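In what follows, a structure is listed as structure tokens, so that the remarks can point back to it.
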Amino acid sequence: MSLTETAQQARRRDLRIPLAAVLVVLALAAPFIGSRYITHSLIIALIFMLPAHGLNLLVGYTGLLSLAQAAFFGIGAYTAGLLAVTYGTPFYVNLIAAGAVSGPVALPLGIPALRLRSTSFVMCTLGFVIIGQAIAKNWVSLTRGDMGLSSIPKPYFELGPLSFTVSGTTNFYYLALIIGTLATFAVWAIVRSPAGRNMVAIRENETLAESLGVPTWHYKLIVFMISAVFAGVGGCLYAYYLTVVSPLTFQMYYSTTMLIIVLGGGAGMISGTVFGSLLFVGLTEALRITPELRMIAYGVCLLVLVFWFKKGCAPLINRFWNAIDAIGGAK
């Protein structure tokens, strides 16, 4: 690498640092810039960003289209809700438990499902959501049936002799922002690792990857479990924020929303999932006060994606970063 190329890369990094600082300031100041309802919309976007990150690992990086995220989302929500209501365990314990339960549940489901191909696999994952909702409705002794779990307490932390409760929309926003940021960095670490490169190899050509010694089926199973962990953690946040969990948590609407986030933001791009969460979930929540306008806006977004942005918003995001690099390289 020449000294000129090294200098250009340094200038690009120097330009991205202040840009990142601006984004951080905007994220931290968001509750004070917008209304309380806008803050609520951002919280919902951050919550759905977690299962969408997991789904992006499946769809965008491994090439597996799954509709099962709502099932693991619901399992995480019920796990956290049951522990909080029944045993009064702290939030961080329930957060870990939600992911720890959702991930292993994906193991026996994924073993047979991942031996299927394309459409059969998608239909199988759809069945997981239907089964999850049926269990939540009929296992009344555990889930309380259609009544669900209510009065889930606010998140509280115990650190030795100290304890504090996260109350209010603003405080919960910062909690969701911290967890969402950690999840984003976790996905980044996975994608940048050798395992991430093997995932992309499976997506591009599974037969070739297998011939080169990549245990493709094992990788797909592990990614399926990791995606379930992300969904379970998102379900925990969902339960604590709404303070209610019901069988509706398993509805297909949530799976399709997560899929739209990934495909609309740009499959195979971490920034695409973040952008998609803010755009699609934030937009629908912000316009919920006017249901007619909300559905029209949502439909217009989908039409624009289908006809003009078949790869989602990824090309726009790429153009943005390329423009930043060009500005940095021109200096």
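Heads up, the Cβ atoms here are built off N, Cα and C, so glycines get one too.
Features reported for this protein in TrEMBL:
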- 15-34: transmembrane segment (TRANSMEM)
- 40-59: transmembrane segment (TRANSMEM)
- 66-85: transmembrane segment (TRANSMEM)
- 91-114: transmembrane segment (TRANSMEM)
- 121-140: transmembrane segment (TRANSMEM)
- 172-191: transmembrane segment (TRANSMEM)
- 221-241: transmembrane segment (TRANSMEM)
- 253-281: transmembrane segment (TRANSMEM)
- 293-309: transmembrane segment (TRANSMEM)
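Residues 64, 68, 72, 75-77, 79-80, 83-84, 121, 124-125, 128, 155-157, 166, 179, 217, 220-221, 224-233, 235-237, 240 of the same chain lie 6+ residues outside the transmembrane segment (91-114) yet bring a C-beta within less than 8 angstroms of a C-beta in it. The transmembrane segment (221-241) is in contact with the transmembrane segment (40-59), judged by 3+ CB-CB distances under 8 Å for residue pairs 6 or more apart in sequence.
Long-range contacts of the transmembrane segment (172-191) within the same chain: residues 27-28, 30-31, 39, 42-43, 46-47, 49-50, 53, 56-57, 61, 95, 155, 166, 199, 226, 230, 233, 237, 240-241, 270, 273-274, each at least 6 residues beyond the stretch ends and with a Cβ under 8 Å from a Cβ of the stretch.
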